[in-house]
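The domain 'Urocanase N-terminal' feature in TrEMBL is assigned to 14-133. Under the heading domain 'Urocanase Rossmann-like', TrEMBL lists 137-345. Annotated NAD(+) binding site per TrEMBL: 173-175, Glu193, Arg198, 239-240, 260-264, 270-271, Gly489, in sequence order. The domain 'Urocanase C-terminal' annotation in TrEMBL covers 348-541.
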Amino acid sequence: MTTNKDRKEFAVTSGTELRCPSWREEGLLRLLENVLSVGEDPSRLVVYAALGRAARDWDAHDEIVAGLKRLKANETLVIQSGKPIGVLKTHAKAPKVIMANCNLVGQWAKAEIFYELEKKGLTCWGGLTAGAWQYIGSQGVIQGTYEIFCRIAEQNFNSDLAGRFILTAGLGGMGGSQPLAGVMAKAAILVVEIDPERIAKRIDNGYLQHSVTDLDEALALIDNARAKGEAVSVGLVGNAAEVYPEILRRGIVPDIVTDQTSAHDLVYGYIPKGYTVAQAKSLRGVDNERLMKDGIESIAEHVDAMLAFQKKGSVVFDNGNLIRTQAEKGGIANAFDIPVFTEAFLRPLFSRAIGPFRWMSLANCPEDIAKIDAYILEAFPENKIVTNWVRLAKENVPFEGLPARIAWLGHGERTSLAVSVNKMVASGELSGPVAFSRDHLDAGAMAHPNIMTENMRDGSDVIADWPLINAMAMCSSQADLVTIHSGGGGYAGYMTSSGVTVVADGTEAAEERLTLSLTNDTSLGVMRYADAGYEEALDEAAIKGIDYIDLHNE
């Protein structure tokens, strides 16, 4: 794989000058640039999660850029696992880009096979939003993390985390949101991270307050904040598999315990106990078996401590990184006594297709996001989740790359907002077009029996039809970009998801695309949960007039 070693800066483009035939292609190009500008290792095209890439290699990246710049109105660029393979003659309402990332045949969807194929240059993992050019930095998951903390507060602490201690780990592309989310929820949060550079990055981008190398110092900061009922975030350089057991040994019981290290990837992500970052990197691709063995053993100790905290009264949950699965392989038979965050805290929201919706200013204009914030507060006054979040985000969440916002909106709300924003673009109230997207971890867009679809009421945890149906529906609904992803690295064989992006460029055609795509996207989300028997989804379908065919009650 070639690397662009000469590039030091990965900047986003500002203004409204087009390099592509229209804003449909230009918007997607700017989003590709954006995921690299906020990525963890952009020189290797890695956006987050150790191996989640924006393109397969730099040759593929450059051809994608060239393809977007030459696409005609009736053409679609086709991308296979981060590599452009051709341009198809379609029609003016067809997607501009369709892609499939890291989809392996069932019996071969295993980590070791993925690593072999990736080494041969035959595939790459797109993560969720990395390969789909939808990642917006740590803000992309921060409201989800914040809402989890709020649900825990409601269920266990009288809706108040002031004076409460959150222990977690991992400050990568996903985990980097944790310290700021904890502070916004008014807690004292300690985040363990083995890589000092990641801690420094979160300090620099405003997501973390303190960096320390000594556990005593870290706990002193936490204790001081708790005593005063103040919020604080502390990043501790260390390995969670060593720090968690030590905190346990001292008899300290955090109120909330979780983890967001790269436990899903034992080769290119997780750093085993006793290793430095440099030592682990030196073995990657050289002695993968040793890394995997030591990683499993380390995670077993890591999760064993989490289970001990749970027995002592901590609220402990899996934050979606396969850590329980890895611990079970390491002999922790009761690893799944730890619940996953989706089922424990967010499923009532997902059942109504309320999930992580996002929008990005393609002109790189923070004022445009501020105007959309103001519109949301006026248009959705009854939605306390969203209005509370927007007020908090305006004051606390720094932009990374293209100015963006995320908000957990549901069926009808997403369409209403996007259509209104499209009119704001048309009128000139906004300085340029706005792209709308969402996380793949959304109601009808992901099958992952250890995360999104764990313990579904009807037992449909492993059914992967839903994200495939979603992608086909998005193509039929004129979305600008549609993608189907499956797991890579340690996630291989565990998940399938779909992604969608639509550009609001102020045209009537964009309004039609937004209306069809966003309405059908959330309709399918409600249908998926209604079909599994969730009362909230059945209620939402009835209230919103979603044409769900209920064979269960015929």
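Using N, Cα and C of the backbone, Cβ positions are placed for all residues, glycine too.
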How many other Cβ atoms sit within 10 Å of the Cβ of Arg198 (NAD(+) binding site)?
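Taking all protein chains shown, Arg198 (NAD(+) binding site) has 22 Cβ neighbours within 10 Å.
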Per-residue pLDDT averaged over the domain 'Urocanase Rossmann-like' (137-345) comes to what?
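Its mean pLDDT is 97.
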Would you mind ranking the binding-site residues Gly173, Gly175, Gly489 by how many other Cβ atoms sit within 10 Å of each Cβ and giving me the lowest?
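Counting other Cβ atoms within 10 Å of each of the binding-site residues Gly173, Gly175, Gly489, the minimum falls on Gly489.
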Over all shown protein chains, what is the count of other CB atoms within 10 A of the CB belonging to Tyr270 (NAD(+) binding site)?
32
What are the DSSP helix/strand/coil residue counts across the domain 'Urocanase N-terminal' (14-133)?
43 helix, 24 strand, 53 coil
